[in-house]
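Positions annotated as domain 'MIR' by TrEMBL: 296-359, 370-427. Annotation comment: TrEMBL describes 12-32, 68-88, 100-120, 154-174, 186-203, 208-226, 246-267, 578-600, 612-630, 642-662, 674-694 as transmembrane segment.
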Amino acid sequence: MLGFLKEPVVVTAKINVSLVALTVMGLMSRLWGLCYPRAVVFDEVYYGQFVSLYMKRIFFVDDSGPPFGHMLLALGGYLGGFDGNFLWNRIGAEYSMNVPVWSLRLLPALAGALCVPLAYQILVELHFSHCAALGAALLILLENSLITQSRFMLLESILIFFILLAVLSYLKFYNLQKHSAFSGSWWFWLLLTGVACSCAVGVKYMGLFTYMLLLATAGLHFWHMIGDQNLSNVSLVCHFLARGLALIIIPMGLYLSFFYVHLALLYRSGPHDQIMTSAFQASLEGGLARITQGQPLEVAYGSQITLRNVLGKPMQCWLHSHTNTYPIRYENGRGSSHQQQVTCYPFKDVNNWWIVKDPGMQQLVVSNPPRPVRHGHIVQLVHGITTRYLNTHDVAAPLSPHSQEVSCYIDYNISMPAQNLWRVEIVNRESDTDVWKTILSEVRFVHVNTSAVLKASGVIGASLPEWGYRQLEVVGEKLSKGYHQSMLWNVEEHRYGKSQEQREREVELHSPTQMDISKNLSFMAKFTELQWKILTLKNEDTEHKYSSSALDWITMDTNIAYWLHPTSGAQIHLLGNVATWASANAAALVYLCLSLWYLLRRRRRIYDIPEDAWQLWMAAGGICGGGWAVNYLPFFLMEKTLFLYHYLPAVTFQILLIPVVLQHLSDHLCRSVLLKSMFSALVVAWLSWVYFVYCTFSPLTYGQPALAPAELRALRWKDTWNILIRKQ
């Protein structure tokens with residue numbers, strides 16, 4: 001029974017020494033001197049703020065993309081024991097001792113290092129030679145721009161890692177298709193493809209480009225499978241469902257999980273709350289939640305409320321009135337009603353309080369039991385402090401003459417009767433009998449007499465002149481003119497009014513609200529709102545000193561100064577390896593020309609290369625050339641400030657195309673032994689040139705050693721490069 005113990009247990013394993021060596025060299029090139037400089041480098045000033053907010057569990061919104069990349073950076077801070085206490089306000093600021101610089105920069109550096117062996121394996125899975133794969137890895141290893149970007153607390157190296165992992169996983173899955181379909185390894189690589197794609201998109205939306213490329217490639221491959229008569233209908237359905245599960249369903253679920261973790265971590269109120277709805281703000285600890293916690297849920301006749309405009313940009317504001325009236329005549333000569341002003345005020349104020357009144361009764365308190373207001377009910381809104389009724393009539397608004405003026409009615413005993421009835425329409429209702437709810441209901445107020453809708457036009461336009469205290473205009477907008485979020489309002493603060501006398505009511509309006517009903521948003525409601533804000537919230541794009549156009553990237557006519565030593569000439573620049581970038585452009589041009597030539601010749605039924613070589617050529621072009629195109633061309637359509645680092649995913653694919661073209665030229669155009677030998681010698685010389693350029697620019701890649709002004713001038717190979725030289 002124990003006979004197996006008579007012989008030693010032997011475990012054998014195949015180790016690709018080249019792959020191990022490349023991984024080690026990648027780690028050395030990215031991790032060496034990682035703590036230098038111990039100062040804020042370029043966009044670390046941007047991402048560092050989010051890391052600090054994660055450490056303090058404070059909610060934020062970043063319009064640059066999803067939260068997964070930020071969470072990975074924050075993980076580095078967490079592992080290093082960072083407490084979040086650092087003021088990220090200036091590039092070049094020295095890090096305090098509580099900032100774990102090495103830990104914060106570790107994950108981007110590891111991701112950048114692992115891109116080297118990934119490049120090797122991608123070329124192997126594309127069925128190119130070991131030498132071609134080794135060349136691809138060495139080019140990634142010696143690419144100055146990729147080294148620079150991966151050595152700091154930035155996201156591009158993490159994005160490129162997941163992109164390359166997704167490509168490698170799909171290629172491994174595809175190569176297992178013919179002989180090991182539905183095996184364990186087949187499922188592993190298929191699922192890893194979907195996971196890597198989701199992670200890439202979760203880091204930056206640029207990951208969508210490669211995700212779409214792989215989905216298109218998978219769709220094309222499945223289309224070819226449909227024509228395979230050896231596969232049964234059941235088998236095809238299983239293949240389709242497996243791909244749908246791994247490449248669509250699981251990535252979507254994983255993407256949702258990024259936001260779930262993000263929202264679970266950031267549960268405290270913060271500086272970005274104001275762009276979210278009242279319901280979202282109330283779900284966070286502190287801030288609005290301290291004010292609204294325990295408010296009555298159902299709005300009733302007699303309720304005292306504040307009404308916040310749902311649009312909330314460029315600033316949040318509340319329906320407001322004060323004792324001042326509209327001027328009898330405006331600056332342009334138009335007349336007004338001279339009624340009490342109604343505005344949208346971007347600050348909390350006692351004049352933001354309104355009382356919901358039943359038009360058929362005089363009382364301004366909540367009855368017992370309360371009578372809730374439902375969708376379609378007619379109400380009057382009474383300003384809490386001045387007790388005047390919200391009103392609109394056929395008088396032009398001050399800034400929007402095509403809309404109606406909104407005022408609080410003053411009876412001047414002239415032929416202008418009060419028109420103060422409003423119909424409550426709950427836009428996000430589930431049924432026509434829904435009750436108007438605090439925070440949760442988005443309400444539209446439709447004027448009964450004119451069918452105009454209460455709208456905060458000043459939210460998307462100009463503010464009122466001095467006579468309106470620069471507050472935002474509120475108008476009555478005709479329904480026929482369309483629908484906009486500026487027409488929606490939600491109750492933010494709410495109490496049940498108890499005081500019928502005006503003096504007692506004013507004291508009540510100044511007191512804080514406290515009741516017993518809590519309001520919680522579901523995860524999907526919070527995710528939907530946050531996702532919409534990320535997609536639609538746009539910071540004003542301003543011209544940056546180092547911004548560039550997409551055309552500048554191909555020829556590398558631009559660079560970015562990341563850091564400058566305060567006293568010496570030491571500096572770090574995002575600058576690519578000139579030899580590699582020029583070769584990548586040449587390889588892309590050669591690939592395009594050869595492909596067109598082969599296509600024309602094949603159209604004439606002239607086959608210059610074997611069919612398997614043609615399929616290999618097209619497959620490599622689809623992945624490497626296609627990867628470059630989908631990650632580069634969309635930037636010509638984007639209206640945003642662009643930087644050189646946006647090109648790094650595209651140039652990574654373009655670099656992978658270089659050994660593809662070189663091996664093709666060697667195998668199919670160098671037909672004699674002499675030509676092959678000469679070509680190999682040229683490749684060795686070219687690689688030496690790549691290494692020479694890498695070494696030449698490494699002081700600008702690593703920031704050390706510090707160079708003298710003359711040495712820095714010698715590195716300005718292009719007049720458009722901004723190499724920083726201190727005046728002596």
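First residue shown is number 1, and so on along the chain.
Glycine too: its Cβ is placed from the backbone N, Cα and C atoms.
Proximity of the transmembrane segment (208-226) to the transmembrane segment (68-88) is not established, fewer than 3 Cβ-Cβ distances being under 8 Å for residue pairs spaced 6 or more apart. In this model, the domain 'MIR' (296-359) carries an average pLDDT of 88.
Under 8 Å from some Cβ of the transmembrane segment (578-600) lie the Cβ atoms of residues 139, 142-143, 554-556, 608-609, 614, 617-618, 621, 625, 628, 651, 654-655, 657-658, 660-662, 664-665, 686, 689-690, 692-693, 697, 717, all in the same chain and six or more residues away from its ends. Remote same-chain partners of the transmembrane segment (642-662), defined as residues 6 or more beyond its termini with a Cβ less than 8 Å from a stretch Cβ, comprise 115, 119, 122-123, 126, 128, 131-133, 135-136, 139-140, 143, 145-146, 149, 154, 156, 159-160, 163-164, 206, 209-210, 544, 546-550, 552-553, 556, 558-560, 574, 576, 580-581, 583-585, 587-588, 590-591, 594, 617, 620-621, 623-629, 631-632, 635, 683. Tertiary proximity for the transmembrane segment (186-203) is limited to same-chain residues at least six positions away from its ends with a CB under 8 Å from its CB atoms, namely 65-69, 72, 155, 158-159, 162-163, 165-166, 169-170, 172-173, 176-177, 180, 210-211, 214, 242-243, 246-248, 250-252, 254-255, 258. Within its own chain, the transmembrane segment (68-88) has Cβ neighbours under 8 Å at 40, 44-56, 62, 95-96, 98-100, 102-108, 153, 155, 158-159, 199, 202-204, 258, 261-262, 265, counting only residues six or more beyond its boundaries.
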